[in-house]
Amino acid sequence: MGIRNAFSNFISHHPYLTLIITMGITLILTIISGIKPFKIDATEENLRVKSGEVVDKIDAVGMSYERTFFDPAKNEIENQPHAQNTQSQMKVVFYYECSGCDNLLTESKLKRIYKFEKDIFKDNHYNDYCLKEENQTECALQSTIINNYFDSYGNLKPNIQEISQEIANSTEDAALYFDKNFNEGNLKTKYIRSIYKFGLPLKGYYNRKDRTSQQEDKFNDWIIGIVPDQAKDCETDSLKIYYLGSGLTQYMVDQMIIKDGSLIFASIVLVFLYTWFHTRSLYLTSLGIFHVLMSFPLSYFVYRIIVGEEFFSMLNFISLFIVLGIGCDDIFIMLDAWKQSSCQSYEISKNIHTKLRWSYSRASVAMAITTTTTTGAFFGNLFSPIPAIKYFGLFTGVSVVLNYLLVVTWFPANIIIWDSFGGGQCCCKSKKFKLARKQALEQTLKQEDIEKQDEKDDKKDIEKQKQAANGNGNANGNGNEKEDEKDLNEITIDLNETNKKTNEEKKGKGKEEEELSKNEYDIDIKKFRLLERFFYNKYSPFIKKYKIFLIILFLILMGLGIFGTTHLKPASEPAQFLKKDNPIRRPFDIQKTYFQMADVPYGYHIGWGISELDRSTVDPMDTENLGEVIYDGDWNPTTEEAQLYFIDVCQKVRNLSAVKDYQVFCFMEDFRDYINNLTLSGEYNGFPVNSSIFNTALLSYAQYYGDDTVDAESFKVRSYYQAGIRFDEKTSQLVYFAIIANLTLGDRDPAKKTRPYFDDLQDFVQEINDNAPTGMSGAFSACDIWVRMLTEESLINVALYNMITSFCIAAVVIMISTDNIITSFFSLFSILGIVLCVIGVIVAIGWDLGIIESVTLTIIVGVSVDYVVHFAHSYTHRNLPTRYLKVRYAMTDLGISVFSAAITTLGAAFVLFFTIILFFRNFGVILWLVIVFSVLWSFVFFFSILTLIGPETKKTNFTYILGKCFPCFKCRKKNKNKNQNQDQNENENENQNQNENQNQNQNENEIPLKIYSPDTSSSNEMI
């Protein structure tokens, strides 16, 4: 209480200084944070689990490839200088789709495709980037089938069908360039693919490892400058051109983010217009929205400078929409409290200092309660193993806290300045109201003078009677104590009889007095705004009349929500962040669905040689540097026993039911055949080889498979062996090898299907480790699909954990703020109803629990709690005799603020419906559902249940119950309240307290007499 009063007094006396301090700090921190720019992470890499032994091993395998090699000859050549563009580095893939038709092999479409590709060839800088053969100055031919249909002059050949037939006869060409429905019996294709390769080093660079990022940036600038525009020129309604690859995909992602990000301005405009309508002040609206927006650079300072996080996830942009709604909620609460302070008693509304003290005390507590619950929900994401979600929770939670700090410092100062220039004049400032308030004050002061005079007369009468009794006693020498006691008893009896008569007179008034008391708490509602009058005159009587019906209706609604929640299930397919027709997603879908490479199964590794991945020194959001690979020092694959054991494991893997068609790539078996063949020529003594020459023999074997001139079958398996055998770049020692198998699982299989495979294969790895020879007991499994499975499961677990945690935080905050069992229970019941209804609707519209839904569910409790908590706090702290009056005044006081907050949040989220990224759109839908159900449950159910069975007295307060059970707690509570009241009285009128203390000291030696007060039968005064 003292701190709040000190803050409000400082702001009301020094508003300009407050503005200078807050704005100065904000600008300084913004400038400091601007020194270190951030990198936008638009990938899905950070929307996956990045911790745990399984994931660490998988990431370690990927990181080990960057510092190891397969072919020693090529590794040596890699580090030597190369001629310009002779090292393959970048690749761009073009997909052509026949939209609304079934065949691209027609004259008009082939000509358009040819023109598109020819324009790329003709570009002046094409020769600077194209891939070239060694010792050649001309560009190598690109992998495109379109040139087969045109002669050297660029004219279309007349025999399209014959050319297509030739391509169909060549299985490899058909599979590479045409969709999988194209064959000898069907010479039509709906999709065509062309693959363009480009080379490094560029002019002025040593090789492709020389400042690689610089070279790639130059290429990206060139390819982005020609492909999008040319594709747009060649496209028609029936021909769509899609592309992906180096530079182009990231360019499209950046453009998409810019388009979606630009919608934030529409959101700000909508929120600004409604806030202006609500406040009726352009000054307060502008500076209020300004401080909400300024919470973001301040949050960025914490995020970038204090936490040190360099990468900024796309999820963080959602916080702007959230904080816009929350920030306007706080603006309305503070401003409405200020406006209503003018309609309070004279002691409150007499000047700006008392008005701000009352407004600040009421609004700051209400906002602190909702800030705590909302921030707790966002900070709950800090325990997520998914980096993007973790830092989204951090950034948004910090934004909410900083917005609160600004709304209790910056905004009240602006209110004071606005009011001092006449902006605060309202209906409560009318002459009629001033006159009425002055007359009421004069009448109150007269009544207080009469009561004081009566009290003094009563004291004088009692004093005379005491003196008379004492005088008689002195006259009789020793006195007569019995007569004194008799006199005092007669006084007490007379007063008691007076009390009885007064009480009987009150009871005798009957219904007339009762009806008069009803109007005692009525207010002049005409002074209030339209919505406040609606809540007071129309809506609160409606709630009172139909409360039972409304309660039953919402209980049915909750039942439906429970039914829907029980049918919520994990997603059966991977989450899609873009619409099906999006130009970024579409080429990936075409590639997976219509080309044969879509049938490539997941590669499963059983590897040896890697111990762990040290992530302690890397940024969790860094998608390139995942950590430092620590190799297994106890691993020893060189012994003859280890070589034979490896082959035995290969056979066991083939017998696993999870392996697809016995597709196991076991390099040790091929190495055995390689050694045996060379044994015939006398180079080796057979397999297994001696441990002293194992590494040298394996290097020789890898160099053999690295030769591009080997037969086709060897070339086919080389990619698997390259992944399964890795040598250290510096020492050329073997650091990792693996058995690679293709599993029957696909990339679209959900975690529910993947989990049994994972458990069985993990048990298998444990079994082979238990039976392994010395140096071979460190086997582990690695497969990319495990990461997706663990991510899916983590999202579900994190969502449930955060909902439970947020609910517990809300429960604690509500119980502390309301101090009442009944109000707290109904508040939590309403929040539970909101959550169940939102989940029920999600199920009803056909959504499963995927990545997008899981992320939004983590904050659902924190967002839904605000409105209920505002009303619960107001209801509890209203000192009124009936439930209905408490509800009516809580609704009138805060209904307009809560309703306006809901409008601004819905307006901020509305623009999310028009975003390209599905995550943003789905988040907007769920945020809308949360706000709509929050309004319904708080305005309808919560008020209905409080009107029916809400607490009327303090007997259900926690402090009252604890005081009954533990008297010492009651004593401490009384002393605390007494100290608080004394502090408040001292702040309001210090001189009056001093006078009262002097009067109290003068009467310390007087004899106190206990009598019953005529006003209350349960309290007594000391006279």
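Cβ coordinates come from backbone N, Cα and C, glycine included.
Straight from TrEMBL, the features:
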type	residues	note
TRANSMEM	16-35	transmembrane segment
TRANSMEM	257-277	transmembrane segment
TRANSMEM	283-303	transmembrane segment
DOMAIN	284-417	domain 'SSD'
TRANSMEM	315-335	transmembrane segment
TRANSMEM	391-411	transmembrane segment
COMPBIAS	449-466	compositional bias 'Basic and acidic residues'
REGION	449-514	region 'Disordered'
COMPBIAS	480-489	compositional bias 'Basic and acidic residues'
COMPBIAS	497-514	compositional bias 'Basic and acidic residues'
TRANSMEM	548-568	transmembrane segment
TRANSMEM	798-818	transmembrane segment
DOMAIN	824-948	domain 'SSD'
TRANSMEM	825-845	transmembrane segment
TRANSMEM	851-873	transmembrane segment
TRANSMEM	894-920	transmembrane segment
TRANSMEM	926-949	transmembrane segment
REGION	977-1023	region 'Disordered'
COMPBIAS	1014-1023	compositional bias 'Polar residues'
Secondary structure tally of the domain 'SSD' (824-948) (DSSP, helix then strand then coil): 108 helix, 2 strand, 15 coil
Per-residue pLDDT averaged over the domain 'SSD' (824-948), given as an integer: 88
Contact call for the transmembrane segment (283-303) and the transmembrane segment (391-411): at least 3 Cβ pairs under 8 Å, seq gap 6+: yes
Contact yes or no, the transmembrane segment (798-818) and the transmembrane segment (825-845), 3+ Cβ pairs under 8 Å, gap 6+: yes
Range from 16-35, 257-277, 315-335, 894-920 with most C-beta pairs under 8 A to the transmembrane segment (391-411): 315-335
Chain residues in Cβ proximity to the transmembrane segment (894-920) (below 8 Å; excluding those fewer than six residues from its ends, i.e. six or more beyond): 256-257, 259-260, 263-264, 266-267, 270-271, 274-275, 278, 314-315, 318, 321-322, 324-326, 328-329, 332-333, 336, 366, 529, 531-532, 535, 539, 576-579, 582, 852, 855, 866-867, 870-871, 874, 927-928, 931-932, 934-935, 938-939
Residues from the same chain, set at least six apart from the ends of the transmembrane segment (257-277), whose C-beta lies under 8 A from its own: 40, 42, 285-286, 288-289, 293, 314, 317, 320-321, 324-325, 328, 331, 900, 903-904, 907-912, 914-917, 920
Tertiary contacts of the transmembrane segment (926-949) (same chain, 6+ residues out, Cβ under 8 Å): 321-322, 325, 539-540, 543-544, 546-548, 550-551, 554, 822-823, 826-827, 829-831, 833-834, 837-838, 841-842, 853, 856-857, 860, 863-864, 866-868, 870-872, 875, 883-884, 886-887, 890-891, 895, 898-899, 902, 905-906, 909-910, 912
Long-range neighbours of the transmembrane segment (548-568), counting only residues six or more past its ends (CB under 8 A): 832-833, 835-844, 848-849, 936-937, 940-941, 944-945, 948
